[in-house]
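Asks: What follows is a structure written as structure tokens; I'll ask about it next.
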Amino acid sequence: MGTLFGTDGIRGVANRYPMDAPMAFAVGQAVTYVLKKEKHRTRIIIGKDTRISGYMLESALLAGITSMGGNPYLVGVLPTPGIAFITESMRADAGIVISASHNPYQDNGIKIFGGNGFKLSDEQEEVIENLVLDGKLADKVPPVDRMGQAHRIDDVLGRYIVFLKNTFPRELSMEGMKIVMDTANGATYRVAPESFTELGADLDVIHNAPNGININAACGSQHTEDLRKRVVEKGAAIGLAFDGDGDRLIAVDEQGREITGDQILIICGKMLKGKGRLKNDLLVSTVMSNLGLTVACKKYGFRQHAAKVGDRYVLEDMQRLGSVLGGEESGHVIFLDHHTTGDGILTAIQLIAAMLESGKPLSELARLMDVFPQKLINIDVKSKPDISTLPQVVQAVKDVESALGDQGRVLVRYSGTQNMCRVMVEGPSDEITLKYCRQIADVVKAAIG
């Protein structure tokens, strides 16, 4: 990763470098310049989530794109995967998403999709980053008669809803199915309720009144307490929790228990395998996936590949290895037969299809995978030296791995978006897992905290 781009685009506190108006302006210019073609005016989709800072960044990107001769198309508030879909379906040259996903409202971010609906590669982002940082974009602007014009597209919601509904098998019906939904006061606040209502669900929606500063606030995929309680109160079949930009899903079963992304992978993988649609019998997960996923894959005859953390790396390995299903424990799930990126609403639709096809409640399907106790501790760090160059940390990891044997595992890695080191330990019990996780975290903190 470079100076600006992390594992999921550019992130930072809004109205502060690098997530300020001058930077957004420069990114708009750089993307337009890189994508410029002979006799073709670059067309770029711009969408956002519900953060108050989205207006500023949207305007700055628009100015940068038009100043470099491109035509921006504004779609307003739309989930990240919706922007990827619109970019590809409109044959635009790129799509820019203004969002910081599950982060609090103070943060914002910029991520970019290519014209094919896939996120840009590291190499493409590096070219854009170098243009932004060399300070010479002003020398590359066209004359006034070649400046671009902004447009607004008003029917994107309907287009995206039709796409989502078409992924639900026609022989199935959600008619009368009780569903509770938490949109995190985020980008799914309109499209998710409308999609499920049109599919016939009996819907109860919470945390669905965005005001610019309540996105992800004690709600959504990171905070399912309210959703779990409401599902039980309403006697619902399932609860659906999206994050701020709508690219991930955490589900809740009818008993009010949380279902992770790993469990969703196993449930949907078994459904696809039963239909002969799980290409190469392969699931792509990440190194952070629960050990229970590996055990379940062996039990049901799936092959499993662990990618680096980040949905972009999951996708890259899916394409390289020929897989149609992959994802992360956090709820990013990619159905490559349907979409180019993780989509929380699409994932919810597929999960409900698996429930209806099996005739089983979600609590029973969740038992397809035994979840190993897992503890994650995040440590703020001043720098990010290679873990292998820290002998005391390496030794601490070896000691714990030796103690756990085949009853658990250890992972120490840096965050791709924050100055943070993550220590994850899985083991046979909560007590042992917490003990060993704290043991390693203390060593990491002493070394680089």
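Counting starts with 1 at the first residue shown.
Yeah, the Cβs are placed from backbone N, Cα and C, and that goes for glycine too.
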Asks: So Swiss-Prot lists Asp243, Asp245, Asp247 for Mg(2+); which of Ser89, Ser101, Ser388, Ser402 goes with them?
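Replies: For the Mg(2+) site that includes Asp243, Asp245, Asp247, Swiss-Prot also lists Ser101.
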Asks: What is the Cβ neighbour count of Ser101 (phosphoserine) at a 10 Å cut-off, with all protein chains included?
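Replies: The Cβ of Ser101 (phosphoserine) has 29 Cβ neighbours within 10 Å.
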Asks: What Cα-Cα separation, expressed in whole Å, is found between Asp245 (Mg(2+) binding site) and Ser101 (phosphoserine)?
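Replies: That comes out at 5 Å between the alpha carbons.
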